[in-house]
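S.K.: Just passing along the structure, written as structure tokens.
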Amino acid sequence: MPFGCFGNGCCLCCRTDTHQYRPIGVPHQPSGFGARHVQTLLLFFGLTVAYALRVNLSVAIVAMVDRHAANKDFEDFDWDERTKSIILSSFFWGYVVTQIPAGQLAQRFGPKILMLLSLAICSALAVLTPLCAHLGNAKAVIALRIIQGLSQGFIFPSTHTMLSRWAPASERGRLGTLSYAGAQFGTVIMLAVSGVLASSSLGWPGIFYISGAAGLAWSVAWFFYGSNSPADYRGIAPEEREFIESSFGPQDHSRRIVTPWAAILTSAPMIALTIAHSSHNWGFWTLLTEMPTYMKEVLEKDIKKNALLSSLPYLVMWMLSFVFSPLSDFLINRNYLSRVTGRKLFNTIGLWIPMVALLGLAFVPKGSSDLAVVLLTLAVGINSATYLGFQVNHIDLAPNHAGTMMGITNCAANIMSIIAPLIVGEVITDASDPIQWRRVFYIAAGVYFFGNLIFIVFGKADIQPWNEPQSPIPHTQSNANDTEAVRNTSNTAANNPNHSD
């Protein structure tokens, strides 16, 4: 209590809600399941489907090139390691193209319609994948994956735009992590069931049919229940809307905000964020696209065990995200850690511990499959800590431009997703040789180290000055305002003899 305050409500310092011990004027956090949780769950399942559609080919391609690895009744294709690497990376050729435009379009037209079209188109194309492979072989599959990548390029910028409107600052880590945990959940489910589907009567085409049908079902649910912002959601309670919107300050999503491109692209925290995101994607997609091949050729696992073991690291990653998320919110909201320290700490956990695991994996002898699985699980599972690091840092820096910023960093990061599998295709000439895989793990570990080091040195978590929209007054409006100001000044002078300029 400040000196001179008697504690009787005479001043603002002691005016609080006696039941909640919060300053008057600060909206109370609504209890129970609310509209923001509905949107978060829809985002969770949307990303579940998106990643299932992304990774379905990683296991399917094992059966597509070797019918004896699964159901022998379905055709296979004569694709060498280089062709397989091109097919696996082709998704990202299209994916990077739409990232930056997606952020701008989500900001202008709202994220709902973009996510709807994105996943509906991608899901329909997944169903057509077996037919394209049969009619056009590798070239047709590559073309289809490029188009799928183009459509999915809208997902992350739109998700970030949704979170920048729906996730209050005090719940940002929790709701953001829950939304993005859908990516790991989709990866787990798809990798786990792919081996079973490929060996079933559906064969490897069943992998694409099931994932495509799930995406179309989500699109229907999103059409009816998704919403661009609390202001657009008819079923939201007034107190919840006030709680969410007061967290961000006044926002007008109907007004076009001019993007400060120069300030964003030259911002040191933004550059550090981009590098951290890119380094994460290099290691993550190296493992995700190549792990089934490593399991089959080096660890000598059949496709069913391969699929289950390949999904294990992503199951651990998904589970750990629900450990790191409340821990981060607790440490930051209780002021044990500043927001920037928390972001850097969890990013370090998510990149440097996997770096050590990859270095250990490089020296695992060919027969030690159990140790290799443990290290792979550690390398991928601990990665979930980055959801509390760089992944939500866009919203920390500039909530008004979070979608566009995610588009920029995700574009750069997914160039790494293109390059990484291609590098693997060049390094690996004999997929059964663990010495060649050692080089792949060295490269990924080095990228992890560099990316997080830059984030530690240059990263920030406070709102940047260029977040605020610059709205220059049109010339005609400016003249009208000047005329009104002159009129008001004249009236004041006429009515007040003591007035002076």
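Placed from the backbone N, Cα and C atoms, the Cβ positions cover glycine too.
Unlike curated entries, TrEMBL annotations are predicted automatically.
In case it's useful when we look at the structure, here is the feature table from TrEMBL:
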DOMAIN    38-463  domain 'Major facilitator superfamily (MFS) profile'
REGION    468-501  region 'Disordered'
TRANSMEM  41-65  transmembrane segment
TRANSMEM  85-102  transmembrane segment
TRANSMEM  114-136  transmembrane segment
TRANSMEM  175-198  transmembrane segment
TRANSMEM  204-225  transmembrane segment
TRANSMEM  314-333  transmembrane segment
TRANSMEM  345-365  transmembrane segment
TRANSMEM  371-390  transmembrane segment
TRANSMEM  411-428  transmembrane segment
TRANSMEM  440-458  transmembrane segment
S.K.: Would you kindly check 85-102, 204-225, 345-365, 371-390, 440-458 and say which stretch has the most C-beta pairs under 8 angstroms to the transmembrane segment (114-136)?
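M.R.: Selected stretch: 204-225, with the most Cβ pairs under 8 Å.
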S.K.: Let me spell it out: take the transmembrane segment (411-428), skip the flanking residues so only those 6+ beyond its ends count, and list any with a Cβ under 8 Å from a Cβ in it.
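M.R.: For the transmembrane segment (411-428), the sequence-distant neighbours (Cβ-Cβ under 8 Å, at least 6 residues beyond its ends) are 81-82, 84-86, 88-89, 92-93, 95-96, 99-100, 274, 277-282, 285-286, 289-290, 436-437, 439-440, 443-444, 447.
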S.K.: Per the definition of 3+ C-beta pairs under 8 A with sequence separation of 6 or more, do the transmembrane segment (175-198) and the transmembrane segment (345-365) touch?
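M.R.: Judged by the Cβ rule, the two regions do not touch, with the required three close pairs absent.
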S.K.: Check the transmembrane segment (440-458) against the transmembrane segment (314-333) for contact, please; criterion is three or more CB pairs under 8 Å, pairs 6 or more apart in sequence.
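M.R.: No; fewer than 3 Cβ pairs under 8 Å.
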S.K.: Which value does the mean pLDDT take for the domain 'Major facilitator superfamily (MFS) profile' (38-463) in this predicted structure?
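M.R.: Mean pLDDT, the domain 'Major facilitator superfamily (MFS) profile' (38-463): 89.
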